[in-house]
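Working notes, beginning with the structure itself.
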Amino acid sequence: MTSHRVIVDETEPTGGDEPPFEPRYVTVKKSKWVTDEYDIHNNLLGRGKFGEVKPCCEKRSGRQLAAKFIEFSGPQERKDVTNEVEVMRSLQHPRLLQIYDAFENKSAFCIVTELITGGELFERVINDDFVLTEKASVMFMRQICDGVSFMHSRHILHLDMKPENILCLSRQGNRIKIIDFGLARKYNPKSELKILFGTPEFMAPEVVNFDPVYPATDMWSIGVICYILLSGLSPFQGTTEPETLCNITTAKWDFSAEEFECISSDAKDFISNLLVKDPSKRMSCRECLDHKWLRKQIQRATKTVQRTLSTKRLRKFVYRRKWQRAVNAMLALKRMGVDLV
Ligand code: ATP
Ligand code: MG
């Protein structure tokens, strides 16, 4: 059984960091619709709260890409999608999803991006052929911090960091991409930014309390992702949404579950420096990349990081999130007035 399991964590991600296409300055096309220039395939790559994503092919070049369709009903929703396009335009980095084209008609947007074929990170990790170790987790966390560090250097906050928004570039390789800039915002340290959105389980206390948000707000969510990746347990998840939000605002969490018994103290220290209630005391992305757990040299010297971690609980987590997302997507369709029966 174990003989054909692939340990994909031996090396740093190599190659494939070249951009998927020449950097392009994308302007939103209003006189044409996406189907004029692209063939849209019917199979769904994914569905989120805001959009449906399908593979597509550029008629002119034969290039395979992805098309995210987002319907809007009023000027505010339209502004939000325009923001997504603007944010993506300024984010050219190998760990961040690259925009290729954009279209707008009376009631919808279509954002064409590079096509990512490896599926969601957590789905990959729970697959039978994947051996999850701390070392593999370090490799993923380092790439996540790399991408978010670039965003923060461009004064952009992601504000929706969660496992579904981290995709694997391919089914074999070990490189990831951060996607979904639908909630991303420009950040000006001199003016306060408050937000009223996010995904409860991954929300930082300042979001729940409607206090100003900072780059540190993304760092909290990265801490939650790391906690779940290593244990399959969601640190603040309650049985109801108000309970989850309450758990977040009290910021009480620990490593008492048996899943953490085999986790290194460096990994625990990494998480402990992110799940800190006071945003000013959380590690920044740069500090994360300098943290001993993420630093390669030290990682090589320890045995703990190579132990196989159980993904039993992580499987449960992934199935629960899938179910939750399906319900959310159905509610969103209902809100749009789509008849479901
Ligand atoms: P959310 O509910 O997280 O706010 P959303 O409506 O903004 O989502 P996305 O997160 O951008 O939509 O996309 C939904 C799903 O579609 C993703 O979780 C992913 O599985 C899939 N997906 C998105 N973009 C791509 C892509 N470029 N290539 C492959 N799959 C993609
Ligand atoms: Mg998403």
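Going from the start of the chain as shown, residues are counted 1 onward.
Using N, Cα and C of the backbone, Cβ positions are placed for all residues, glycine too.
Within its own chain, Lys68 (ATP binding site) has Gly51, Glu52, Val53, Cys110, Ile111, Val112, Thr113 as residues 6 or more apart in sequence whose C-beta sits under 8 angstroms from its own. The ATP binding site annotation in TrEMBL covers Lys68.
Regional average pLDDT for the domain 'Protein kinase' (39-294) in the model is 95. Taken from TrEMBL, the feature domain 'Protein kinase' applies to 39-294.
Marked as region 'Disordered' by TrEMBL: 1-22.
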